[in-house]
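Read through the structure below, which is laid out as structure tokens, and then see the notes.
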């Protein structure tokens with residue numbers, strides 16, 4: 001057996017729900033703890049325990065991430081009315097991801113995991129496109145309402161220093177009314193977004209593009225453009241030049257067109273709503289939503305998780321004692337991306353190499369023909385073309401990754 005790697009500082013381990021919790025347990029037992037001497041602070045974010053603690057456990061988990069600097073999160077249920085009934089919940093608890101984002105702030109980076117033999121819907125995407133989504137403000141913190149009849153819509157800003165208010169005329173509504181929206185962002189949050197994107201690009205050694213619609217929202221989107229440009233010129237241009245990469249602002253429509261015909265290999269900084277939409281479009285373009293990592297990077301902490309949900313349909317089969325073939329790759333990458341950040345904070349080169357070896361083992365397994373059913377369907381073109389011998393079940397795939405990992409670690 002390979003000697004365990006000592007990890008000197010702990011991480012927060014956030015448990016989740018349903019089938020992803022099942023594979024989380026397998027990942028811990030077969031891919032993490034046999035190889036690492038690692039201390040974890042565990043927080044049960046399963047829906048039933050969140051309900052039992054009135055969601056206090058989510059707040060505790062977010063604060064632990066702040067303190068420990070690293071959180072590794074399993075997918076969780078965000079309850080709707082049907083889930084409230086199913087679990088007999090006290091109330092419709094908020095998304096744990098939203099609570100964590102509101103506590104930590106930061107930027108959400110979503111990156112596809114590229115396997116050469118998994119066909120891409122956008123065939124020219126040979127390298128990853130990372131979406132950096134500004135996870136604060138805009139439509140997600142907006143005030144919107146229905147206007148019932150004729151009237152004047154105004155915006156008023158009242159300075160805290162007691163100086164004269166500024167009033168802006170927005171629209172005169174006709175008698176049949178309409179809808180209205182007021183939204184905002186802050187310089188501090190935009191600056192944090194910019195720093196996160198520049199640092200992420202430098203780390204990847206990939207160019208960075210910011211997309212806005214500053215031709216229409218001259219002041220609102222213009223503020224994003226100006227802040228990014230100021231920080232780039234002052235602090236990053238020389239570093240980017242040295243690394244052989246660049247930063248550019250592009251209009252969102254131009255950027256979408258460029259992305260569709262590019263080969264990938266860049267970081268795309270998006271405002272909150274744009275990032276929400278484009279990250280799913282990019283994920284599907286690479287062929288599988290099950291091959292997408294997600295990290296929330298704030299000024300001094302990181303939370304990593306899979307970009308998919310709790311895989312309820314597979315969990316129902318698991319509950320009946322039936323065989324499942326659930327893709328665990330994104331959940332494994334949640335562990336590797338979290339531990340990679342821990343390794344960089346601690347200057348732990350052995351841990352960093354372990355993370356890279358585990359990621360390579362996942363990809364090598366798929367590229368050697370060892371994969372779960374969802375990927376076999378992608379490779380074969382349709383479910384009708386897939387035989388049982390074409391794929392592994394949930395545990396068999398993780399066992400295969402463990403086998404490849406041992407050989408890679410032995411060779412280090």
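A Cβ is built for glycine as well, from the same backbone N, Cα and C atoms used for every other residue.
Annotated NADP(+) binding site per Swiss-Prot: 76, 77, 78, 83, 261, 309, 310, 311, 312, 313, 314, 327, in sequence order, evidence recorded as similarity to another entry. Positions annotated as substrate binding site by Swiss-Prot: 78, 95, 96, 97, 98, 99, 100, 101, 110, 133. Annotation comment: Swiss-Prot describes 140, 213 as site 'Critical for catalysis', evidence class similarity to another entry. Sequence annotations record features per position, and here Swiss-Prot assigns Mn(2+) binding site to 253, 276.
Sequence features annotated in Swiss-Prot and their locations in the structure.
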residue	record	Cβ within 10 Å
76	NADP(+) binding site	25
78	NADP(+) binding site	16
96	substrate binding site	27
98	substrate binding site	13
110	substrate binding site	23
213	site 'Critical for catalysis'	15
253	Mn(2+) binding site	11
276	Mn(2+) binding site	17
312	NADP(+) binding site	13
314	NADP(+) binding site	23
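Ranking the binding-site residues 76, 253, 276, 310, 312 by Cα distance from residue 96 (substrate binding site) puts 76 first. Considering only the recorded positions 76, 100, 213, 261, 310, 312, the residues lying within 10 A of residue 253 (Mn(2+) binding site) on a C-alpha to C-alpha basis are 213. Ranking the binding-site residues 98, 261, 310 by Cα distance from residue 276 (Mn(2+) binding site) puts 98 first. By neighbour count, meaning other C-beta atoms within 10 Å, the densest spot among the recorded positions 100, 140, 261, 310 is 100.
Distance noted between the C-alpha atoms of residue 78 (NADP(+) binding site) and residue 110 (substrate binding site) is 20 Å.
The secondary structure of residue 96 (substrate binding site), as reduced to three states from DSSP, is helical.
Under the DSSP three-state reduction, residue 110 (substrate binding site) is assigned to strand. Across the structure, residue 100 (substrate binding site) and residue 76 (NADP(+) binding site) place their CA atoms 12 angstrom apart.
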